[in-house]
Amino acid sequence: MRQDHLISAVDLSREDIEAVLDRAAEIDANPAAFRQRHAGTVLGLCFFEPSTRTRMSFDTAMKRLGGQTVDMGPVESSSVKKGETLADTVRVVEGYADALVLRHPSEGAATMAAEFIDVPLVNAGDGAGQHPSQTLLDLYTIRENAGLDDITIGIMGDLKYGRTVHSLAEALTNFDVNQHFISPESLQLPRNVRYDLHASGASVKEHTELDEVLPELDVLYVTRIQRERFPDENEYRKVAGEYKIDDETLAAASDDLVIMHPLPRVDEISPEIDDSDHAKYFEQAHNGIPVRMALLDILLSNDD
Amino acid sequence: MTDDHQLRVSKIQNGTVIDHVEAGQALNVLAILGIDGTSGETVSVGMNVPSDRLGRKDIVKVEGRELSQSEVDVLSLIAPAASINIVRDYEVVEKSRVVRPETVSGVVSCPNRNCISNADEPITSGFAVLSDGVRCDYCGAIVREKEIAANLDVS
């Protein structure tokens, strides 16, 4: 990987992505070979927002590489509560750890934090900005199940605030992927993501109805539409109800359609889909371990 | 007519004449310069003045003030055709066109209230200059040219 940090999917080249995915495949095939790879290494976990799977999977990934983690703990019990700046927090934790993972509610937090530290930093979500490590495991899952070239993907749900969507759409421009974006008009892609997609030569094909494109999709990436994005409950229910996937919806889909979701889901994918061959979202979540191990391995090796 | 003409183009003794400002942008130019009438400078503003180059233009003359580079940088974003004339003792001693910089720092605030650059952190806002606007170095928000004036961070 060319850079010392992973801040945004825009920074990732095809080579960077393939290096991580290939390493993840090696780890998947022979995890024992990596068990002591980073013995003695400490990863700092700084989560200023709640997180279950991202925090746990980075924690597990570091430990499976032989290292350890130090966790800032909840914001309520940290010095952040006393008014400490993010810039100070990361400079302090940098002294305790060999690399940092940061999640923060403000967009641009990871970009700023990286200005203040020298150890590798992974952006584990900055507000409605980016979530590039999620993207790497998404890409790994897509590659395993559908391949990463010559495919058509539909990305559906909250495209405006969904950071996993922003990172995924931008990273996919490195591949021969036909992207469709399906959302209510009020939750379409933000201006800056459109700008990046156009700048990379990708076309932005937007739809308000899934059935306009469903039959041609190889992959459907579903995201949660959040209640708090709507001024009133009725409007939310109306919109959210239109972007749900169940057996009936999938009648028009290809038999090989791969359904993904960054999780947590609420009710946008009916549990009746879970046991079908379409459902890859739990596999996707499990892929967080080898992919984050691969990412840490590469970033920490850069630092050697 | 003569009096009116003289009033419109009257010379200043020392200061800056910002000419060839896109029509309608004069008040934004004053905002960039932090001039709201309370600080005492003598200011003349011409709006929608006929111009060979622009059709219509605005012109701003500020007595007793020479612009800083950062002020000129931001001016270039909202008035890309502007020329800056520095006047000393009634003579134009320096005449230059504005040049769009590659970046601007500390003069525009990010319109994204949730951007880290709007939090209480030890950083200065920074933007990359695009062909038709600027882009926040931190959150990536894009501010179109016509929106810049509303997001000026000048006092």
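Placed from the backbone N, Cα and C atoms, the Cβ positions cover glycine too.
Model, not experiment: these values are computed from the prediction.
The domain 'Aspartate carbamoyltransferase regulatory subunit N-terminal' feature in TrEMBL is assigned to B:7-98. Counting residues per DSSP class in helix, strand and coil order gives 20 helix, 39 strand, 33 coil for the domain 'Aspartate carbamoyltransferase regulatory subunit N-terminal' (B:7-98).
The domain 'Aspartate carbamoyltransferase regulatory subunit C-terminal' annotation in TrEMBL covers B:104-148. Only residues 6 or more beyond the boundaries of the domain 'Aspartate carbamoyltransferase regulatory subunit C-terminal' (B:104-148), in the same chain, are considered here, and those with a CB under 8 A from a CB of the stretch are 32, 70-71, 73-74, 77-78, 154.
Feature annotation from TrEMBL assigns Zn(2+) binding site to B:C110, B:C115, B:C136, B:C139. All protein chains shown were included, and the count of other CB atoms within 10 Å of the CB of B:C136 (Zn(2+) binding site) stands at 26. B:C136 (Zn(2+) binding site) carries a strand DSSP state (E or B).
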Secondary structure at B:C115 (Zn(2+) binding site) (DSSP, helix/strand/coil)?
strand
Restricting to the domain 'Aspartate carbamoyltransferase regulatory subunit N-terminal' (B:7-98), what is the model's mean pLDDT?
89
